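Below is one structure, written out as structure tokens, with a few remarks after it.
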């Protein structure tokens with residue numbers, strides 16, 4: 001009788017697991033719902049207390065973060081491939097290796113908050129809500145791109161995301177302006193203004209620091225310190241590489257930018273600081289890019305292959321999260337491999353769209369220059385050629 005009952009139950013459950021929803025339900029029963037994780041303490045400047053040194057990671061959060069980071073990694077590697085196949089032309093700056101920054105920052109703020117960054121923007125485009133399809137299509141200059149094929153790699157925009165900016169450091173005072181708008185409107189929102197260590201010595205950055213401190217603007221200045229500004233190491237370009245201290249009277253913190261949980265908790269802390277009316281704060285994210293500065297830079301003339309390999313093998317952000325997930329029984333290798341396969345298909349489908357979607361028509365070149373009805377004559381257009389639509 002017992003053998004018969006066992007056989008029946010085995011048959012029932014084997015049939016159930018063929019259905020994805022039930023399979024997911026059954027698999028989740030053997031995993032922990034959450035785990036308390038220790039994270040590295042941040043270095044503080046002009047702060048008595050900083051972010052916590054432990055945090056709770058739920059299973060749902062872990063799988064979401066893992067998938068998002070894998071999407072960004074595969075999307076950037078696909079962009080590398082499309083560039084080499086000449087589907088992508090012009091400038092192209094990839095962020096593989098820095099995924100914990102993109103995902104951790106978004107996890108620490110609200111969708112209604114604001115983000116502005118430099119030309120290394122693809123990952124932030126995705127975390128701000130743009131699809132892989134629209135990002136890759138923008139890279140290939142197609143109509144289905146997030147900027148209708150007119151912005152390319154460096155000029156992508158989305159809801160509460162202001163680029164993608166091509167001039168080194170130029171986005172920082174713009175971010176201070178967005179923060180000024182938040183304070184003026186009294187909406188309780190903050191702006192994350194990101195820049196690299198190469199831009200950290202720009203004069204306009206310090207001007208933005210000053211005005212933000214003077215007016216107590218809700219701006220989180222974030223230096224993504226990946227150790228190199230183009231091909232120059234930060235030790236050769238900066239008298240001090242303590243970027244979290246460069247705000248002078250503005251408090252700051254230095255964060256392990258390869259650990260998504262460190263980034264998330266530091267971002268929450270910084271955003272709360274700004275929302276409380278204390279003014280701006282500076283965050284330095286210690287991170288690393290695997291590619292060169294851009295696709296025209298092989299990235300090995302100013303650093304060794306051994307250096308890159310060492311970072312990949314010891315500090316890769318996706319690897320660190322995967323190990324944390326498995327060690328805390330939030331998932332297993334089999335489930336994570338299923339996510340990997342799903343991500344691979346999503347990126348491949350997006351790449352297919354990005355290489356077959358039509359390019360914008362020539363007649364469309366003067367469209368979308370103005371928000372509302374523009375003057376009939378459009379500056380920069382051929383003086384003998386007038387387009388039917390300019391809006």
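Quick reminder: no glycine exception, Cβ is built from N, Cα and C everywhere.
In Swiss-Prot, the thiamine diphosphate site is described by 119, 120, 166, 168, 197, 198, 199, 293, and among 226, 328, 329 the residue recorded at this site is 226. Residue 226 (Mg(2+) binding site) has its Cα within 10 Å of the Cα of these recorded positions: 197, taken from 119, 120, 197, 296, 301. Per the record's binding annotation for thiamine diphosphate, residues 119, 120, 166, 168, 197, 198, 199, 226, 293 show a top Cα-Cα distance of 18 Å. There are 23 other Cβ atoms within 10 Å of the Cβ belonging to residue 119 (thiamine diphosphate binding site). Every protein chain considered, the tally of other Cβ atoms within 10 Å of the Cβ of residue 228 (pyruvate binding site) stands at 22. Counting only same-chain residues six or more apart in sequence, the Cβ atoms lying under 8 angstroms from the Cβ of residue 120 (pyruvate binding site) belong to 93, 94, 95, 98, 196, 224, 289. Residue 296 (phosphoserine) sits 20 Å from residue 197 (pyruvate binding site), counting Cα to Cα. Taking residue 166 (pyruvate binding site) as the reference point, none of the recorded positions 293, 294, 301 has a C-alpha atom within 10 Å of its C-alpha.
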